[in-house]
Amino acid sequence: VSDYPDGGLRAYSVVLGSFLGLTVDFGLVNSIGTVQSYLNLHQFQSKSTSVTSLIFSIFLFVTYASIIFSGAMFDELGARIPMIIGTVLFCVGFFAAGSCTTIGSFVVAFSLICGLGVGMLAGPLTGAVSHWFLKNRAKAFGLCTLGGSCGGILFPMVLNRLYEKMGFENAMRIVSAISAALLIASTALITERKSIRALDQSTIEEVSGERISLRLFLLKTWSLTKNSVDLSSLKDAKFLFCVLGSSFSELALLCSLTYFASYVTYIGYSETKANTVVTIINTVGIAGRYIPNVFADRIGCYNVMAVMVLFTALTGLCIWLGWSIKTNTISSVYAFAVMYGFFSSSALSLAPSCVGAISPTRDFGKRYGTMSLITGVFILVGLTIGGVIIGHESLETYRNFSIYTGVISLTGFLMFYCSRYCQVGFRFLR
């Protein structure tokens, strides 16, 4: 008999805390196109997309790579410490980015500091939920990751309005303050149920007590870093294909989220219209994150994930490439935003469930961190390649870019199907 609560006030308060935190954490990732589009039209309008793409490819790589440390720290010490560290780094980096005027300074403030903060928050925000839910885990993850879509609605709307009224610098500072309030509330609500006791009890007491020495902290940091990645888990074929599927599908999603707003402005529509498109993608993503997760608890997360990633690829190839690139109509842009927003959202919301379905609970953080590291490498390389493909924007380069993201999504579908095959073969089982 399962000893997981799978409900109740305490469990759902953790879900609420995760929701609030992911509103900021995944919300920024989902809104990255708003920042990229503004920089391309203002501070860096004379720069090629292949150059400015470094800001966002490094940001996403640091985010995903730091999740490995965050996941291991959560497994060892619980949620509170990585939540506090992540909150401070995120808010400081985002605040400082408002004053940046060069690509180098943006890389330091936004890509490195803010990216590290986003990664540090992701481990406890997703891992804590797995301590409280088993039977309804996919649905709980779906509720939590709705925060990412809500943040994806909030960030573009607020930033667009503040850009116009107060300028870029003040806009970034105000959003940083809003984020701090949400993350403080999230930290108060997030609690792990089962701490993984990898160290002896005396070490844990020292780490969690008042007498933390610098030497102990450095030793603990080194120990966590060494044990943050479990590459041996990749010997498990079903986990290996799951990692590859997640890496390809998230790369395709983030490439599109990063550059689609710039595509909209390139074909002649206003910056406000481009930000509205980002908002539509994330608004529809609320349904795309929750509904598939409900079905995932009933028919299996891998069955649902494979279907959603397949339709993500078809949406990009049929609507963006086959319709919008040829006609440049606003109806084609909105159609893509609605369809892509629904299908692609599962790439983020179902990934934790897919890892959890084939991993022991005590190893969830480490395996999720391993997957995030590999995904980060894919994104660093893949997003940079995407920027090079677009280069000095033209309709032809955006056509090539839409093919690029579509093929990546199809590859992700094949990888998830291979992982499913390693588990149950061709049988239709959960």
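The backbone N, Cα and C atoms fix where each Cβ goes, and this holds for glycine too.
Feature annotations, courtesy of TrEMBL:
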DOMAIN    10-423  domain 'Major facilitator superfamily (MFS) profile'
TRANSMEM  12-33  transmembrane segment
TRANSMEM  53-74  transmembrane segment
TRANSMEM  81-97  transmembrane segment
TRANSMEM  103-128  transmembrane segment
TRANSMEM  140-159  transmembrane segment
TRANSMEM  171-191  transmembrane segment
TRANSMEM  239-262  transmembrane segment
TRANSMEM  274-292  transmembrane segment
TRANSMEM  304-323  transmembrane segment
TRANSMEM  335-358  transmembrane segment
TRANSMEM  370-391  transmembrane segment
TRANSMEM  403-422  transmembrane segment
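Scored on C-beta pairs under 8 angstroms, the neighbour of the transmembrane segment (53-74) with the top count among 103-128, 274-292, 304-323, 370-391 is 103-128.
When Cβ-Cβ distances below 8 Å are used as the criterion, the transmembrane segment (370-391) is approached by residues 48-54, 56-58, 60-65, 67-68, 71, 119, 122, 229-231, 233-234, 242-243, 246-248, 250-251, 254-255, 258-259, 262, 351, 355, 397-398, 400-401, 404-405, 408 of the same chain, each at least six residues removed from its ends.
Where the transmembrane segment (304-323) meets the stretches 171-191, 239-262, 274-292, 335-358, 403-422, the count of C-beta pairs under 8 angstroms peaks at 335-358.
Looking at which of 103-128, 171-191, 335-358 has the most CB pairs under 8 Å to the transmembrane segment (12-33), the answer is the stretch 171-191. For the transmembrane segment (239-262), the partner stretch with the highest count of Cβ pairs under 8 angstroms, out of 103-128, 140-159, 171-191, 274-292, 403-422, is 403-422. Taking residue pairs at least 6 apart in sequence, the transmembrane segment (140-159) and the transmembrane segment (81-97) share fewer than three C-beta contacts under 8 angstroms. Of the Cβ pairs linking the transmembrane segment (103-128) with the transmembrane segment (403-422) and spaced 6 or more residues apart, fewer than 3 are under 8 Å, so the two regions do not touch. Beyond its flanks by at least six residues, the transmembrane segment (171-191) meets 10, 13-14, 16-18, 20-21, 23-24, 28, 78-80, 83-84, 86-87, 90-91, 94-95, 97-98, 121, 124-125, 128, 155, 158-159, 162-163 of its own chain at Cβ-Cβ distances under 8 Å.
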